[in-house]
Amino acid sequence: MTAAFDFALEASDGRARTGRITTPRGEIRTPAFMPVGTAGTVKGMLPESVRATGADILLGNTYHLMLRPTAERIDRLGGLHGFMNWDRPILTDSGGFQVMSLGALRKLDADGVTFKSHIDGSKHRLTPERSMEIQRLLGSDIVMCFDECPSLPADRDRIAASMRLSMDWAARSKAAFGDRPGHALFGIQQGGLERDLRAESAERLRAIGFHGYAIGGLAVGEGQAAMFDCLDYAPEQLPADRPRYLMGVGKPDDIVGAVARGVDMMDCVLPTRSGRTGQAFTRHGVVNIRNARHADDPRPLDAACGCPACRNYSRAYLHHVSRAKEIIGSMLMTWHNLQFYQDLMAGMRGAIAEGRFDAWQAEFHAARAEGDIPHP
Ligand SMILES: [Zn+2]
């Protein structure tokens, strides 16, 4: 590994930006959508199939991997890339968000958090230092700071205290990460929906200095309007020359709205999780393939999509295998959804580069407003 981690902006249109992140394991075109490979697999997909959709980078979950099969075992077997057969960039989360979601199963203190495994009840501890060690053992290319995130709504005092603790942990994460050429560490802005707390958080992160900056603590129940209000200022509080990553977002229209507000990277389980329950994302909105109206429909899910589900199968077949809970139903629907998300990102990158992102957004919203093709 010789190349350094770098980010270059290539064009902007309004607040929307397109560019590229360089890593020793390959380039990441931005705006980028990262499929979620929770436990060392993007469920229902071979890694080469994920790549075929156009994904440049995957996300792995520290919480799941540390419990099973454990970071130490993955390290002994050569790291997560080789273990899961994905040689391109991987971003790992810090474990913080998922541990905080455990509710009664976890206990927070100023040094870190102790929690019980959802798998077998065994006791574990995460601190900024331990999270950095786990992400290093996994071989992650983009490492996230260990932070704490309250679910919204929460009162201002709680949000402020949580943000300040997270900023202390960000400094400890940076110290523990050390100097690792070719690997990047991202800080995470917190502060809920409070503009001044977001500004304070951004200031503290800038003072520490990171390769990239995430916007954390959104998409936790506040709703799209409140999230967009926050994104009207939060990205611009962060350095313009570094990638900005909005964590855990979202639905296609959330993603388009976030890119329009200056976000460069996103991840979400929606395309994969929805695929397994028969929900397809299309340019005309969400289609529930299990709905009876598709049972006799010989047409493709989306005639304009190039994925195998749309190229080689009818809505009737997808309806049948999804209803019958056949494994291929989950595989095809997941592939389609990941393809739709990557096509969405490619469309936005092209439109931003050509200075026609407003027109692209108008077309995106008009197609959704039309709704799905009528019953045959
Ligand atoms: Zn498709």
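Using the three backbone atoms N, Cα and C, a Cβ is placed for every residue, glycine included.
What TrEMBL annotates here:
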DOMAIN    15-368  domain 'tRNA-guanine(15) transglycosylase-like'
BINDING   Asp93, Ser94, Gly95, Gly96, Phe97, Asp147, Gln190, Gly217  substrate binding site
ACT_SITE  Asp93  active site, proton acceptor
REGION    248-254  region 'RNA binding'
ACT_SITE  Asp267  active site, nucleophile
REGION    272-276  region 'RNA binding'
BINDING   Cys305, Cys307, Cys310, His336  Zn(2+) binding site
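Structure with TrEMBL features highlighted.
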residue: Asp93; record: substrate binding site; CB count, 10 Å: 30
residue: Gly95; record: substrate binding site; CB count, 10 Å: 25
residue: Gly96; record: substrate binding site; CB count, 10 Å: 25
residue: Phe97; record: substrate binding site; CB count, 10 Å: 22
residue: Asp147; record: substrate binding site; CB count, 10 Å: 30
residue: Gly217; record: substrate binding site; CB count, 10 Å: 32
residue: Cys305; record: Zn(2+) binding site; CB count, 10 Å: 19
residue: Cys307; record: Zn(2+) binding site; CB count, 10 Å: 25
residue: Cys310; record: Zn(2+) binding site; CB count, 10 Å: 24
residue: His336; record: Zn(2+) binding site; CB count, 10 Å: 28
Close approaches to the region 'RNA binding' (248-254) from elsewhere in its chain (Cβ under 8 angstroms; 6 or more beyond its ends): 97, 218-220, 224, 227, 263, 266-268, 270, 281, 340-341, 344, 364-365, 368
Per the Cβ filter (under 8 Å) with a sequence gap of at least 6 from its ends, the region 'RNA binding' (272-276) is approached by 35-36, 42-45, 286, 330, 333-338
I need the neighbours of the substrate site defined by Asp93, Ser94, Gly95, Gly96, Phe97, Asp147, Gln190, Gly217. Which other residues of that chain put their C-beta within 8 angstroms of the C-beta centroid, in sequence order? Met100, Met144, Cys145, Phe146, Glu148, Cys149, Ser166, Ile188, Gly216, Met247
Additional residues around Zn(2+), ordered along the sequence, whose Cβ is within 8 Å of the centroid of Cys305, Cys307, Cys310, His336: Pro300, Leu301, Asp302, Gly306, Pro308, Ala309, Arg311, Trp335, Gln339, Phe340
Nearest to Phe97 (substrate binding site) by C-alpha distance, among the binding-site residues Cys305, Cys310, His336, is His336
Nearest to Asp147 (substrate binding site) in three-dimensional space, by Cα, is which of the binding-site residues Cys305, Cys310, His336? His336
Counting other Cβ atoms within 10 Å of each residue's Cβ, which of the binding-site residues Ser94, Gln190 comes out lowest? Ser94
Cα separation, Cys305 (Zn(2+) binding site) to Ser94 (substrate binding site) (Å, whole number): 35
Please list the DSSP helix, strand and coil residue counts for the region 'RNA binding' (272-276). 4 helix, 0 strand, 1 coil
Rounded Cα-Cα span from Cys307 (Zn(2+) binding site) to Gly96 (substrate binding site), Å: 35
Taking the Cβ of the residue listed as 'active site, nucleophile' as the reference point, list residues of the same chain whose Cβ is under 8 angstroms away and which are at least six residues distant in sequence. Phe33, Met34, Pro35, Val36, Leu59, Leu91, Met247, Gly248, Val249
On the DSSP side of things, how many residues of the region 'RNA binding' (248-254) fall into helix, strand and coil, could you say? 3 helix, 0 strand, 4 coil
Rounded to the nearest angstrom, how far is the Cα of Cys310 (Zn(2+) binding site) from the Cα of Gln190 (substrate binding site)? 40
